[in-house]
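Take a look at the structure below.
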Amino acid sequence: MTYADEDWYPPSPPGWQQPGTAPQGHTSRHQPYGRDLWQEPYGYTSRHDAYGHTPRHDPYENYRNGADLAALRSAYRLLRRVSTLTALGSFVVYVVLSCATPDLMGSKIAGELSLGMVLGVLQLVVTFAAVFWYGRSAERSVDPLAQVVREQAGTNSGAAR
Amino acid sequence: MTDFNSGTQATVLILFTTLVTLTLLMCVMAGPERDDLANFYTGYLSLTPLKNGLAIAGDYISAATVLSTTGIVALAGYDGYVLAVSTALSLVLLMFLLAEPLRNAGSFTMGDVLARTMPGRAVRIAACVVTLAATLPFLVVQLSGAGSLLTFILDIPHGAGARTICITLVGSLMIVYAAIGGMRGTALIQMIKIVLLLGTSFVVAVLVLNRFDWSPGEVLRAAQQGSGAGPTFLQQGLQLGTSAGERLDFVGLQITVILGVACLPHITMRLYSARDVPAVRRSMSWAVSTVTTFCLLVIIMGTGAAALVGSQYITAADPQGRTSILMLSRVLGGDASSVGATVLYAAVAGVVFITLLSSVAGMTLAAASSLAHDLFAHAAQRGKAEPRTEMAVATWASVGVGTLAIVLATLAQNWNVGVLTTLAICIGASAVAPALTYSLFWRGFTRTGMLATLYGGAGSALILMVFSQAVSGTPAAVFPNADFDLFPMQSAGLVSIPFGYLAGWLGSRRDHRRRAAESRENLRLYEENEPRLLAAAE
């Protein structure tokens, strides 16, 4: 068991200025103070156990991990909802239109090509672009956040060892 | 139509033998190392995204997709186009919604994903039951199709004996691939198959367009004539009908396909073998591109078959049109005795054969893995099984599953078993898809909810399909003379998918009230697992 007294501060209520003597071993690895550390609800002080032992790792880290995980979660959720609903929605609209208005979808727009056929083939062609777009958005919005969460999990399990 | 001389049959036979020998050899060489479980279940962890993507696409495009979808395009025109689009978009949906968290959550089978927040044997057993319920019908369809297809390709007189021999032959080969090759061997075969399949389909599609001077309008005009349906060929309704109920049925079928096909266990199993999240994303990009290209080619080939072969010849050979792609290649080859005709026909027949073999092998492997990993290692032995024993069980399980499938396919060879494809997809959409989405994205999901989703979704799909019009009451049904079609639709998805989701939600709500401690434990496990689920953080 590690007694991490020297790099642990008792949690302070929201709005307090952090002491300038931040623990050296941690600040280097994480974002500087001033991020929305205290936006999270206050409730992690119970990590003291009954014998007054300090917890195994820095409670500030839990705040950060929680915040980073929440950011990753909402980024993933946004990406997932937008992409899934677009793909599923466009297809459902297409099928319902095909069934509800066969005359409209069967109307010829160029030679023998009907509107329904063009829309169907168009969905397949747009798929390539959609997949490309998904990969690029995921790389931009999700991957950096996932990297942060992964690194923190690595340092946490390192501290626990 | 079968006016080929014995020279062509000999070429086809030689090609088949060569393909079987080569792939068997590769399977043996690529087989997994003994007592390395990860190696057996996931194959290569070092596979590049391109190769992994090709393997996923190979598993995804089964013989049913190649043969039936082409047939439906040829016979039903517009309805077939919609089916091709929904088939391609199903994999897109898998990529967008499930692929990345699935890769992070799972290790070998679907049971691993579902049991990660709810340890216990009941969930493992349910996962195994649903895996079997989804893969076995699909396996039986493809095997019994293999019987009639091989007798058609080799031009053996249609007798029960010849078909039984063909089914047994293909089934034994499939067992050998699955048992000896494992995921590694089947991955290799899937890659080869998809490259051959794409290449051959591309050539066929180019030949079709070339025949009509690269004018889509001409192809469509000829297809309308050849189908005998006229302008209705390009309107929705040829497949199931045009009344309001039949149109609703069509919408239900398409939604079932888009939700269900990609969730089938033999496809999700390939995702666990990706190295990391960017790798699974790139693999899926390749897989989606390949499948979409193929679906575009299917549209061209099916329309070409309607234009050049004609509906009456297609339905004369097979009422579901499953032989249309072979007949198209015969017509495109021109003079039956020319070298070009022989080569083209032999190539298409060979590709169809290897597609059949590889897709049944992949499904056998998925079922056997679930039996060995979920049922034997975790439910029976409580996770204490030796890796060597587990692998031996998996090998014998593939033999068992394969034998069962051969027996069932032989028994069902005279029925119209296409309904089993619908059943498998319905179970995928109403049991597997809700269980996976709830388990990955809803922290309040509990054990009762999980069991209700898995058993309720699969059970409702099964019961509704038995009493549907696809089984009895209509001329095209399995039992056209019987009359127990209480459910007036061809596919169960429109009812069973909402039922599967509702059952999971109600079951979880019940747990929240009655067994609060246990649902809090599920919640804690979910939150503990979340960094791993979202970021692959260990």
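Every residue, even glycine, has its Cβ placed from backbone N, Cα and C.
All annotation found in TrEMBL is predicted automatically rather than curated by experts.
Quick look at what TrEMBL annotates:
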TRANSMEM  B:12-32  transmembrane segment
TRANSMEM  B:53-75  transmembrane segment
TRANSMEM  B:81-102  transmembrane segment
TRANSMEM  B:122-140  transmembrane segment
TRANSMEM  B:160-180  transmembrane segment
TRANSMEM  B:192-212  transmembrane segment
TRANSMEM  B:284-309  transmembrane segment
TRANSMEM  B:343-372  transmembrane segment
TRANSMEM  B:393-412  transmembrane segment
TRANSMEM  B:418-441  transmembrane segment
TRANSMEM  B:448-467  transmembrane segment
TRANSMEM  B:487-506  transmembrane segment
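Just going by CB pairs under 8 A, the stretch in B:53-75, B:122-140, B:160-180, B:284-309, B:343-372 that sits most against the transmembrane segment (B:192-212) is B:284-309. Tertiary neighbourhood of the transmembrane segment (B:81-102): same-chain residues 57, 60, 65, 69, 72-73, 113, 236, 250, 254, 257-263, 267-268, 271-272, 277, 280-281, 284-285, 287-288, 291-292, 295-296, 298-299, 302, 436-437, 440-441, 533-534, selected by CB-CB distance under 8 Å and a gap of 6+ residues from either end. A contact links the transmembrane segment (B:284-309) to the transmembrane segment (B:53-75), because at least 3 Cβ pairs that are 6 or more residues apart lie under 8 A.
Cβ atoms under 8 Å from those of the transmembrane segment (B:343-372) belong to residues 4, 8, 11-12, 15-16, 19-20, 23, 41, 58-59, 61-64, 66-67, 108-111, 127-128, 131-132, 135-136, 138-139, 142-143, 145-146, 149-150, 153, 170-171, 173-175, 177-179, 181-183, 186, 189-190, 192-193, 196-197, 200-201, 203-204, 207, 264-266, 269, 325-326, 329-330, 332-333, 390-391, 393-395, 397-398, 400-402, 405 of the same chain, restricted to positions at least 6 beyond its ends.
Among the recorded stretches B:53-75, B:160-180, B:418-441, B:448-467, B:487-506, the one sharing the largest number of Cβ pairs closer than 8 Å with the transmembrane segment (B:122-140) is B:418-441. The transmembrane segment (B:12-32) is not in contact with the transmembrane segment (B:487-506), judged by fewer than 3 CB-CB distances under 8 Å for residue pairs 6 or more apart in sequence. By the Cβ criterion (distance under 8 Å, sequence gap of 6 or more), the transmembrane segment (B:487-506) is not counted as touching the transmembrane segment (B:160-180), fewer than 3 such pairs being found.
Remote same-chain partners of the transmembrane segment (B:418-441), defined as residues 6 or more beyond its termini with a Cβ less than 8 Å from a stretch Cβ, comprise 64, 68, 97-98, 101-102, 105, 110, 113-114, 116-117, 127, 130, 133-135, 137-138, 140-141, 253, 255-257, 259-261, 263-265, 268, 320, 449-450, 453-458, 460-462, 464-465, 468, 470-471, 477-478, 490-493, 496-497, 499-501, 503-504, 508, 533.
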